[in-house]
Structures are given as structure tokens and as C-alpha cells.
Amino acid sequence: MRVGVLGAKGKVGATMVAGVQAAEDLTFTTGIDAGDPLSALVDTDTEVVIDFTHPDVVMDNLKFLIENGIHAVVGTTGFTDERLDQVRKWLEAKPDVSVLIAPNFAIGAVLSMHFAQQAAKHFESVEVIELHHPHKADAPSGTAARTARLIAEARKGMPPNPDATSTGLEGARGADVDGVPVHSIRLAGLVAHQEVLFGTLGETLTIRHDSIDRTSFVPGVLLAVRKIRENPGLTIGIESLLDLA
């Protein structure tokens, strides 16, 4: 399979280039960065593109890829419901093209989201803390937002988190994502980390995941690349590729 990388000079993108080049069953075609023409992907007969760019350009990238029949594995953040709907509309005209967008490709992070969803209905309270390097463009992270939504879905019909806070500084209790408080930390020295804290009478449960190096994303991305043709249309997350019940 012939694979190109968008954002190839970024920290994650460069890691993806190295990962593709090291895979015996994949052929690296080209790396594209800001200012480079996307047409190079067509010229090199690229079949699948890995996109780790920026929310400001990812939609233009996807429009080009879909129109040219190139599958996409996307780790870029900033996808709203409206953006996802637009991607689905573009894909209607290209039913054989596959796009997979994931908030996190680290296997441990995906498992932690799954475990949090399973635990959610068994605890009275839950909050999410995500911690990242200070160069991250979005807050909360896509992983934290998705985690919160999965938890909220699992807690449907349950009372909201007990919280007697009546006064305080704006934002002190975090962002509200479908009723789940999410707190964002940006700190030099961090890569990508998340804690989900559950509490109920007499006990707490903490589910934590740490990506200490960007190579943690490579196995999940390459899994998505290898499976991309099997799921035409838009797929969110890599959970379905991991056979999580």
C-alpha cells in the first residue's frame, strides 16, 4: 500500500514518516508540509494519506483527498459535528473512499476511553483531566471531549454530578461537556496524558493514560492504514478495529 503523510515535518508527522518507512508492507510515497502542493500525492500514486496537520487546513486537505479518491487516516483535531457532516457529504460522491478520523491513536488511550465508558454508570461522580504540551491548538483535547461524551452516553438517566459550588472564578470548575466537567492543563515537558476520576460512597477510581513519546501513536495509525479499505465512508475512532465489545 502506498502511503503519504501530511504534516510530515511536524513532530507527530515526522514520527509517522519513520513508522511508514519501517513497515515492510507499506511504501512511503511523499511527505507534504505547509506550502507544498497536494498534487504531489496524485503524482506519486498515493493510495492512503496520514494527516497530522492543523484544524485550519485539515478540511481543505480532506476535500482534495476525497475528490481524488485517496483514503485518509486523520489525527488532526478540531472536528465539530458540522465538520463531520461536511465530510460525510463529500464522501457521498465518492462511495469507495474511506476516511477514518480519531481523537487518539494510542492503543492505551482508546482502551482507557472504553474502560471509562464501562465504569461510568457505577459511580456517582466523574470528572476528566487532560494534560498536554503547551503547543496544542485545542482545549479540551479531542480525546477528553470524546471520553466525556462516551461517559455521558453511558450515564443517561442518572442524576448529574453532585456539586454544591455556588460561587467561584469563571472556569474554575472546568468546561462542561455533556454534563461532565473537563479540565485542561498545558505544561512544558508533557506530551499527552489523561485522567478520568470516578467517585462514589467510600471509594474512588482513577483511569489514567500517559503517552510519554509520540511513537505511541504509530501502531494505531498503521492499523488504521492497513484496515482503511475495509470501511468505506466515515469512521470515527479506532475502537471498531480493536474488537472492543
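Cβ atoms are placed via backbone N, Cα and C, with glycine included.
In the three-state DSSP assignment, the secondary structure recorded for Gly7 (NAD(+) binding site) is coil. Non-local contacts of Gly7 (NAD(+) binding site) by the CB criterion (under 8 A, 6+ apart in sequence, same chain) comprise Gly13, Ile32, Asp33, Asp51, Phe52, Thr53, His54, Thr76. Annotated NAD(+) binding site per Swiss-Prot: Gly7, Ala8, Lys9, Gly10, Lys11, Val12, Gly75, Thr76, Thr77, Ala102, Pro103, Asn104, Phe105, in sequence order.
Residues near His132 (active site, proton donor/acceptor) in space but far in sequence (CB under 8 A, at least 6 apart, same chain), listed by position: Ser141, Ser184, Ile185, Arg186, Leu187, Leu190, Val191, Ala192, His193. Among the features that Swiss-Prot reports, active site, proton donor/acceptor is placed at His132, with the record citing sequence analysis.
The feature (S)-2,3,4,5-tetrahydrodipicolinate binding site is assigned by Swiss-Prot to His133, Gly142, Thr143. Cβ contacts within 10 Å of His133 ((S)-2,3,4,5-tetrahydrodipicolinate binding site), excluding its own Cβ and spanning all protein chains shown: 14.
On its own chain, Lys136 (active site, proton donor) has Arg186 as residues at least 6 apart in sequence with a Cβ closer than 8 Å to its own Cβ. Taken from Swiss-Prot, the feature active site, proton donor applies to Lys136.
Taking Cβ-Cβ distances under 8 Å and a sequence separation of 6 or more, the neighbours of Lys11 (NAD(+) binding site) in its chain are Arg214. When the binding-site residues His133, Gly142, Thr143 are compared by Cα distance to Lys9 (NAD(+) binding site), the shortest distance belongs to His133. Between the alpha carbons (Cα) of Pro103 (NAD(+) binding site) and Gly142 ((S)-2,3,4,5-tetrahydrodipicolinate binding site) lies a span of roughly 5 Å. Each of Thr77, Pro103, Asn104, Glu130, His132, Lys136, Asp138, Ser141, Ala144, Ala192, Gln194 belongs to the same chain as His133, Gly142, Thr143, is absent from that list, and has a C-beta within 8 angstroms of the C-beta centroid marking the (S)-2,3,4,5-tetrahydrodipicolinate site.
Sequence-distant neighbours of Gly75 (NAD(+) binding site) (same chain, six or more apart, CB under 8 Å from its CB) are Val12, Ile50, Asp51, Phe52, Ala102, Phe105, Phe217, Val221, listed in sequence order.
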